[in-house]
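Have a look at the structure below before the remarks.
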Amino acid sequence: MAPAQRRQDKQKMKITRATFDECMFPCYTPLDLLLVKGKGAVLTDSEGRTYLDLTAGIAVNSLGHCPKLLNKVLKKQSRTLIHCSNIFANKYTLTLAKTLQEKTPFERFFFVNSGAEANEAALKLARRYAFDKYGAEKADIISFSHSFHGRTFFTVTVGGQDKYSDGFGPKPGAVIHVPFNDIEALKQVLSDKTCAIIAEPVQGEGGIIPAEPGFLAQVKELAHSVNALLIFDEVQTGNARTGKLYAWEHSGVQPDILTTAKGLGGGLPIGAVMTSAEIASHFGPGTHGSTFGGNPLICAAATEILKEISSDKFLSKVNERAELLTAELNKIADKSPLIAKVRGLGLLQGLVLAEEYAGKAGEIQRFLVNYGVLCLTAGGSVLRIAPPLNIKKSQLRQACAKIAEGLEDYSRIHQI
C-alpha cells in the first residue's frame, strides 16, 4: 500500500466510544468517554476533558499513569531482550525472583500474566501437593462467598459469585463456599478432604470487606489442623496498596501460598505465585507453565516497581495518604444521606451506600463522571476508591470534594 493511501485510510478511521460497541465483545459497559492520555493521577478524554483518577486501572497503576520510572526501564529493556519463553532462563525474570526473595519470606516464585492465572496456578498447586502427599481424595477447596479470584472457569467457580459462573454448563467440583468472617461456618465444612482454603485479606469485588481481627489466624489454624494449605489472594491488596507490601502483614498471618498481580507491574501485565521451596517442589516439569509468564520486558519493569513501592519511605507516604483519604471519605459519609459508612484498608476504600439505595453504585459512579472524578464500584452498593499510590494529597482532597459535590447534587435531583 502506498504511503498516501495509508495516510488516507488513517484519516478515515474515526475512533469514538461508539466504536467499542461496533468492534468489541459486549463483556464490558465502559463509561461514556474515550480516554486518550494519562499522566500521574489525571486522565484526559478525546474531548480534552480531564478527570482525577481514583481507579488506578483497578488498583493496577501503582505509580500513576505513564510514570518516568516505567518509561525509562521499558525504553532500555525494549532494546535489550523482550521475550524468550521459559525454554531459557533469563537475567530479568531471575532478578525479579531474587528481589521478591529479599522483600518477602517466600522462597519460590512462578510468574504469569494476570491475577486469574496466578490463582489458577495456586489452586492447581494446592491440589497437586495434596494429591502427592495424601492421595486423590484430598481435593476440596474452601472459599468464601462473594469473593473474587478471576474469570477462568476454575477461578470464577472458586470465587463463589453465581452471577459470574452460571450459564457455562457443569462447574468444576469439590469447591465449597462459606460466609466471609464466619469461623463457625468454616468449621462445619472443614474435613480431612480439604486441600486448601483461599481467602482475600480484604474482599474486593465483594464490597471492600476487611477480614475481622483474629479471623485469618483462626482460618490458618483450622487449615493446618487438617493438613490443608492456606492461600491468600493478594491480587488487589498486594504491592503496597494497604500500606504494607502485602496485606497479610497487618495480621501477621503468613499464608502457605500467596498470589498477586495488578500493582506489581504498575500498568503492565504480570502475576506471581509465591510459596516455600517444599510446596513448590510438587510442580515438576510439565505440571504447569506459561508462554509469556516471566517475560523479560515485564519482569524488568516489575523489579523497578517493586523496589520503589517496598521502601520504608514509600510505604510511609502511602499510609499518610490513606489516613487523609479515610478522613475525607468519612466527612462525606457524615454529610451525605446516600452513604452509610466507609470501610477498607489503606488506599483501598469503599463508600458503602445506605440500605435504601442499595444497587445504585453503578448509576452514581457514572453520575460522578460529570464532576471530573473517576471511581470504581465493588458490587452494586459500594463505590470503590483505589487511587495511584503516589497521588498528591491535594489531588485526594480535590477528588473527595468533587465526590461530595456530586453526591449532593445527585441527592437533590432525586429528592433524597
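Every residue gets a Cβ built from N, Cα and C, even glycine.
In TrEMBL, annotation is done automatically, which means it is predicted and not curated.
As annotated by TrEMBL, pyridoxal 5'-phosphate binding site applies to Gly115, Ala116, Phe148, Asp233, Glu234, Val235, Gln236, Thr291. Per TrEMBL, N(2)-acetyl-L-ornithine binding site is recorded for Arg151, Ser290. Positions annotated as N6-(pyridoxal phosphate)lysine by TrEMBL: Lys262.
Proximity note: of the listed binding-site residues (Gly115, Phe148, Asp233), Gly115 have a CA within 10 Å of the CA of Lys262 (N6-(pyridoxal phosphate)lysine), given in sequence order. According to its DSSP assignment, Ala116 (pyridoxal 5'-phosphate binding site) is helical. Reduced to three states, the DSSP call for Lys262 (N6-(pyridoxal phosphate)lysine) is helix. Looking at Phe148 (pyridoxal 5'-phosphate binding site) and Ser290 (N(2)-acetyl-L-ornithine binding site), their Cα atoms lie 22 Å from each other.
Ranked by Cβ neighbours within 10 A across all protein chains shown, the binding-site residues Ala116, Val235 are led by Val235. In terms of local Cβ density within 10 Å, Asp233 ranks first among the binding-site residues Asp233, Thr291. Comparing Val235 (pyridoxal 5'-phosphate binding site) with Arg151 (N(2)-acetyl-L-ornithine binding site), their Cα atoms are 13 Å apart once rounded. Proximity to Arg151 (N(2)-acetyl-L-ornithine binding site), defined by a C-alpha to C-alpha distance within 10 angstroms, is shown by the following binding-site residues from Ala116, Glu234, Thr291: Ala116. Comparing the recorded positions Arg151, Lys262 by how many other C-beta atoms lie within 10 angstroms of each C-beta, the top residue is Lys262.
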